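Student: Pulled the feature table from TrEMBL, pasting it below:
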type	residues	note
DOMAIN	B:69-271	domain 'ABC transmembrane type-1'
DOMAIN	B:342-547	domain 'ABC transmembrane type-1'
TRANSMEM	B:29-52	transmembrane segment
TRANSMEM	B:72-95	transmembrane segment
TRANSMEM	B:107-127	transmembrane segment
TRANSMEM	B:154-176	transmembrane segment
TRANSMEM	B:197-219	transmembrane segment
TRANSMEM	B:252-270	transmembrane segment
TRANSMEM	B:301-327	transmembrane segment
TRANSMEM	B:339-366	transmembrane segment
TRANSMEM	B:378-401	transmembrane segment
TRANSMEM	B:421-443	transmembrane segment
TRANSMEM	B:479-496	transmembrane segment
TRANSMEM	B:531-552	transmembrane segment
């Protein structure tokens, strides 16, 4: 449905690339999350897709038709893409109903369609209000209704929940995606929050420094991350460098890069009931209470420092830690 | 992974050209056309230089040019000192201290901008003349009148400074109010005294803002014709008028204009250099307001008088003199013809304000809709007219349009139509010139309100399937209305006050209040000039007070 081929965009004539050589496909009806830190190029990528920026290289095609390439550019207003902006971008001088009506054209029952959209997002009695009279969550839903009203073939959500506090965020995220599921629209969902991505996306695309690092279904990203960076996005991770390999006496392939998730490091398995393949002793430098668990800052004999989390409240000053080879993550190159 | 392969390709000449073709749209072309149209008068000055100087050029270079240069430098130098002292001190005192009538004085300090310099000049001539106001007051008090002759260079410098210092006041005050508080507090915490804080900290930091205001003042100084003419000081502008009207040598006027443009560009470069040197002050504005001190005793009265003095000299005294004259001459000046003249003047000002704002809107939005990034910078070239003196713009328009008019007369004559001067015989040339000269006055308030509208607003309109023009009318225009409205008012005031450009380009039968005042003064009827002058001042004053908040925000 959406095909992106070696797309590049630079804002300083090629010195730095906001988006570099991005290639991917999106299937109709899928929800794809684009995950990356701020500055990774997420917003530039969606602006390119929406037609608000023009690519320096590569092409974008929708439903088999090229909408942007080196010599072709389809105006944003001709693309049939719905976009929900981070800051909602509701028209402040129009009522909620007029905001939603704004994009609907060539439909006989415009008013009815707009009212249906209001019903869909559960704001049926708010049509005559102005944006500033609504709460952040309500504005968010209006923005969604407005984007869905012209029946776009692709809906893009650009960090739609980043302006909301955590409590509201989870609730609204579920609400929004319940609404979206009803419409069966294809969705690109931009976020810096992996929790957001994991909970709603069919597949996730990881962007770092403008490049696609990995694109996969959610479960694979956790189990088979392609780089250390991707691994650390989905839970804190320790890079098993040469020193750690020596400390744990676990020789690993030199051509690869290895890591272990902190949660997979076992604390205090007594040498007697020994279920860890690799083991070492460590000195506890600091204990941080986290409520139901404790975070430990450890110092290994080799001098390396490491943090682990344990439920065990009785921690001696020197403890044993270890992990198993099945939990080791292996990457092609060091990132 | 492919690395760098496409990177190099993306900015090869070939792909750049392909993209240029893809991204050129009609908006890019329109923007270029408008910029060219607005830059045409200056381009013509440049082109005309190649036709060589006029016959009198040698004479002027030998006898008059040193005078022009010397007088202009003298004015630039002494006006700089005076406006800096008046503008910066008053700005600092009203932002740092609280005293009697401080709030009222804060906006009263802007009012001198409502009086054109030449009118301040007329008023002061009347105050210091034999049989003038000072003379009368001295005689009433049975004192000997020691006449101060101000009809000279020094007097002109004083008159220009006292009427133009608010430019420095406004920009310095904006800096002190918006940016200074946290620095001020830091300085206080370090135990540094008031004077040292001002000279070592605030003054250096405020320099870019102050220089920006100063450059505006100096452009007005070089633009002035009316006051210099009345005070008998030969400047570049009076020189341009002399060669145009008395010597009837357009080529000489062109050469003088070109020299003047060079001086102005030197000024602009100076400003850019000053601002670049002190980049660090462009920190974000501080939300907390300065905590004003309340001085006591002698200091309080000292500050009060320092702030009152420029208001007194720049506004109250000249206006009082004009009102006195107006009472004396009302019966002879104020008649039906004068009312017609006033309406004509308002009509010209409002029409040209709307035309100018229209051009500003076209330039701002066309360049925005153009997908080529360099077009935005090109658009800013169209704004440069504010720097060019009115007389120079007038010459730059008059020469090509007269030629065009002659050609049109010939062409239409072939069809038996006696058209007369279509461009110069009507108001077309005048409106064109006002648009060139005052585009920046309209552009800046509109641009700054447009910048406040987040890009995502028009962007979301486009994504919803609505094109540029419809987005503008339905979404953007309603959101920038106030900016557009203030732009119309600001241009209106400037056109009402404008003199040199109007004098050169106005059709024979058309007059404005400014021209009328100038004509009275030139005909030794300076008292009669008071009524049109007061009309200008009062029309300019109401919006100045009204726009006070807007000016300060900028």
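Placement of Cβ uses the backbone N, Cα and C atoms for every residue, glycine included.
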Student: Short question: which residues 6 or more past the ends of the transmembrane segment (B:107-127) have a Cβ under 8 Å from it?
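Tutor: 90, 94, 133-134, 150-151, 155-156, 158-160, 162-167, 169-170, 220, 224-227, 229-231, 307, 310-311, 314-315, 317-319, 321-322, 325, 493, 497, 499, 514, 517-518, 521, 526-527, 529-530, 533, 536-537, 540-541, 544-545, 548, 551.
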Student: Counting only CB pairs under 8 A, let me know which of B:72-95, B:252-270, B:339-366 has the most with the transmembrane segment (B:301-327).
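Tutor: Most contacts with the transmembrane segment (B:301-327): B:72-95.
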Student: Who are the long-range neighbours of the transmembrane segment (B:197-219) in its own chain, taking Cβ under 8 Å and residues 6 or more past its ends?
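Tutor: That would be 76, 79-80, 83-84, 87-88, 92, 96, 161, 164-165, 167-172, 174-176, 179-180, 183-184, 187-188, 264, 267-268, 270-271, 274-275, 278, 281-282, 386-387, 389.
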Student: Test the contact criterion for the transmembrane segment (B:72-95) and the transmembrane segment (B:29-52): 3 or more CB pairs under 8 Å, pairs 6 or more apart in sequence, then answer yes or no.
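Tutor: With fewer than 3 qualifying Cβ pairs, these stretches do not touch.
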